[in-house]
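Q: TrEMBL lists 68-350 with the feature domain 'Major facilitator superfamily (MFS) profile'. Per TrEMBL, the feature transmembrane segment maps to 60-85, 105-123, 135-157, 163-180, 192-210, 216-237, 297-324.
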Amino acid sequence: MERQKSIMERQKSMESGLLRKSLSIRERKHPNDDGYLETGLSSKRHKEVKKHHNEDGECCVTTSVCLITFIVVTGSFCVGCGTGYSSVAQHGIVSDLSLSVAEYSMFGSIMTLGGLIGAVFSGKISDVLGRKRTMFLCEAFCATGWLCIALAKDALWLDCGRFLLGIGVGIFSYVIPVYIAEIAPKHVRGSFVFANQLMQNFGLSLFFIIGNFISWRFLSIVGMVPCVLHVVGLFFIPESPRWLAKFGRDKECRASLQHLRGHDVDISQEANAIKDTMNFSQQSDETGFVELFQRRYVFPLIIGVGLMLLQQLSGSAGVIYYASSLYERGGFPSAIGTSVMATIMVKSKN
């Protein structure tokens with residue numbers, strides 16, 4: 001009897017131990033929760049995950065995101081180079097090709113027409129091809145445009161090159177900010193998107209300065225250098241996780257997000273949030289473009305579009321495209337004027 005009693009007590013003790021172990025497992029929480037109870041190897045994993053998040057639980061900015069953003073805004077630098085080219089190249093082109101004022105005015109302004117066409121179709125192209133392949137397409141337009149300008153023998157080739165360059169710039173103006181916004185953590189998204197405008201001004205300013213010392217043909221070849229560097233860099237960046245999620249490519253979306261956030265970070269919550277957002281966005285698209293003109297949206301729409309129109313109608317683009325000739329007509333050395341203007345533009349963005 002005593003032996004049976006001891007065996008029964010031992011079984012009860014084992015059952016009690018198993019129950020306590022089971023309860024302790026159930027009490028374990030997600031690594032992102034404050035009540036995380038796991039120890040040993042799991043505790044180490046928890047610390048690795050926590051160090052990649054800030055106090056609000058949001059993903060910290062990784063080196064990968066910074067490097068990818070730098071690669072992407074090389075395209076913004078190309079935009080700035082294209083914008084600043086016509087001003088510093090005006091004197092050399094008019095002299096070498098004997099262009100009239102009207103012919104050069106066409107060369108200077110036709111880029112805006114190409115930009116308009118590129119911008120109109122940029123959203124659809126980006127959705128069909130993806131953000132990454134769209135940037136490849138932009139560089140194809142830009143590089144071809146620079147090559148046409150460098151080899152130009154008359155106004156027609158100049159205009160064709162400038163027009164192609166404008167198409168690339170127009171598409172770039174959409175796809176670069178969108179891609180950066182889709183890869184950056186939400187708490188620093190605005191700061192990272194700002195790099196787009198900063199690099200545009202930097203490219204414009206650089207061309208304003210070096211254009212005073214080299215010929216217009218060599219300057220157009222210099223404009224191709226960042227295009228080539230950008231194409232090389234694009235091979236090393238992932239596709240936008242939001243674009244992948246939009247087309248149901250969940251496995252690739254998670255792989256892209258893991259690359260951006262770091263391999264030690266649990267991205268399941270953010271991946272699910274992206275998927276939910278994309279599903280909601282696709283449902284919202286069914287309402288149609290007409291919904292934008294509802295009474296509650298009219299006032300914000302007028303303000304937003306109005307500010308953009310006023311910015312362009314202020315004539316800032318005209319000043320940039322013809323800065324060199326404007327300084328000369330004002331009796332001021334164009335080389336000094338454009339260099340000072342370039343310095344001010346970069347400083348104003350810092």
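In case you wondered, yes, glycine gets a Cβ from its N, Cα and C as well.
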Q: Between the transmembrane segment (297-324) and the transmembrane segment (163-180), are there three or more CB pairs that fall under 8 A, provided the residues in each pair are separated by 6 or more in sequence?
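A: Result for the transmembrane segment (163-180) with the transmembrane segment (297-324) is no.
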Q: Quick check: do the transmembrane segment (192-210) and the transmembrane segment (105-123) share at least 3 Cβ pairs under 8 Å, counting only pairs 6+ apart in sequence?
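A: With fewer than 3 qualifying Cβ pairs, these stretches do not touch.
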Q: Return the stretch with the most CB pairs under 8 A relative to the transmembrane segment (60-85), choosing among 105-123, 135-157, 216-237, 297-324.
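A: Looking only at 105-123, 135-157, 216-237, 297-324, the most contacts with the transmembrane segment (60-85) come from 216-237.
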Q: At a C-beta cut-off of under 8 Å, are there same-chain residues at least 6 beyond the transmembrane segment (216-237) that contact it? List them, or none.
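A: For the transmembrane segment (216-237), the sequence-distant neighbours (Cβ-Cβ under 8 Å, at least 6 residues beyond its ends) are 68, 71-72, 74-75, 77-78, 81-82, 85, 88-89, 92-93, 96, 132, 135-136, 139, 142-143, 146-147, 149-150, 161, 203, 207, 210.
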Q: Can you name the far-off residues of the same chain, 6+ from the ends of the transmembrane segment (105-123), with a Cβ under 8 Å from a Cβ of it?
A: 82-83, 86, 90, 93, 99, 134, 141, 155, 158-159, 162-175, 317, 321-322
Q: Quickly jot the same-chain residues contacting the transmembrane segment (135-157) by Cβ under 8 Å, restricted to those at least six beyond its ends, or write none.
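A: Contacts of the transmembrane segment (135-157) (Cβ under 8 Å, skipping residues fewer than 6 from its ends): 72, 75, 78, 82, 85, 97, 99, 103, 106-107, 118, 125, 129, 163-169, 171-172, 175-176, 179, 217, 220-221, 223-224, 227-228, 230-231, 234.
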